[in-house]
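Data block below; observations after.
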Amino acid sequence: MDRRKFIELSALATTGAFLMTNCISLKGNNIPLYLSDVKDDYQKDPRKASIDWFRDARYGMFIHYGLYSILGRHEWVMYNEQIHVAEYAKLKDEFTAEKFDADFITDLALEAGMKYINLTTRHHDSFCLWDTQFSDFKSTNSPAKRDLVAELSEQCNKKGLAFFLYYSHGRDWQHPHAPNNDQWGGAARPKYKTQEPYYKYGDEHNLDIYLEFMSNQVNELLTNYAPIAGIWLDGFSTPASGDRSKFKIQELYDLVHSKQPQALVSYKQGMLGTEDFLAPERKYSKDEVIEKPLEICDHLQRKGWGYTKSEDGNHKNKEEVIAMLQKANSYPANLLLNTGPLPSGEMHPEDVKVLREVGAEIRNKGWDGILKS
C-alpha cells in the first residue's frame, strides 16, 4: 500500500467518515473539523469544547523552523553567539524552504498518531513564517517567497488536525522596542559587548510600541489563518522578571478568545492563571495540583529544539518516545514532541523514521497498550 493510500485510510479511521464530517463541520455548522467529536458541546460553548478535546488529544507535533535552522547550532544561536542584528538578518537571504512540504508534514503527523501540530510562527529572533504586514523580516520577503503558516494551516484544516501557533511574546532579539536587559532580568536580549545600534535604549525605548506590534501580529494570525486551535506563547522569564502588568497580557488573551472563541491560550507554566492549559516544557512538579489541562514538551534531538547538526545520528528512538508518552500520561498530560526540520525545510530523516515506528506501534497495540506496557 502506498503512503498516500495509507494516510487516507488512517484519516478516515481517526476522524470517522472524514469526508462526510468535513462537509457537515466546515460548511454546515462552521465547526472546525478537528472538533467534530465534540460538535454538540461546541454549539453550547466553543472554548469548553476545545478544552475537553485538548484533554484527550494526547499527542502533538512541535516544529521549530526558522533562520536558526540554516546555521544548525540551536534556535538560540543568535543569543548564545552574540550575533548582532544586522549580521543575523543576512540569513534571510539564504532562507529558501525549498523542501518544506506541509502536505508531507501533516501526513506524517497523522501516521504518527498525532492530533495536532504547533509551528513556531515567530521565534525569539523575530523572523516570521507568514506574510505579516507589520515586519519585513519574514519568509515571504526571502528567497522562499512563501507563507509557511498559510500552507500548514490549509493542510491541517483539510485533514482534521488542530493547528496551534507558537508566538514569542516576552523575548525578541530584533525589534528596537522589545524588552531590554537593563529592566527585564538580564536575559531578554543577547549580551553584546557593545550596544546593539538597532535597539532603543533609555528614554528612546518605548515598550508600548512593541506591545502594539505584538497585538497587531497576533490579531493578524487570528484573522487570516482561521480556524486556529490556540496561541502558544513563549518568553515567560522576561515579563515574569519585572512588573508583568506592563505587558497587558490579559488583553492579549481576551483578543484571542474574542476573535476565535474555540482558540485556547497557553503561556508556559501559567503567567496569570487565566490560561486555558499549561505547557511547562519537559516536566511539571507532581506535588502541584493540576487544575488545568497539561502539556509536556520534549524533542527528538537530545539537545536543542531547532535543527542542531551536531545531533545528527543521535536522535531518540522508538522506545524512548514511547517512554515519553507514558511519562506524559502519568501526570496526566499531552506530549508535544518536537522536530527541527533541516535548513531546506525537509523533515529530519531520523525523526520521520521514529515517528512512523511509534505510529505503527500505536495502531498495533492501541493507546491503552502503549500507555500500560
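From the backbone N, Cα and C atoms, a Cβ is placed for every residue, glycine too.
Feature list (source: TrEMBL):
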- 47-360: domain 'Glycoside hydrolase family 29 N-terminal' (DOMAIN)
- CYS297: site 'May be important for catalysis' (SITE)
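In the three-state DSSP classification, CYS297 (site 'May be important for catalysis') falls within a strand. Under a cutoff of 8 A between CB atoms, and with a sequence separation of 6+ in the same chain, the neighbours of CYS297 (site 'May be important for catalysis') are PHE62, ALA279, GLU281, ARG282, LEU335, LEU336, LEU337, ASN338. Computed over the domain 'Glycoside hydrolase family 29 N-terminal' (47-360), the whole-number mean pLDDT of the model equals 97.
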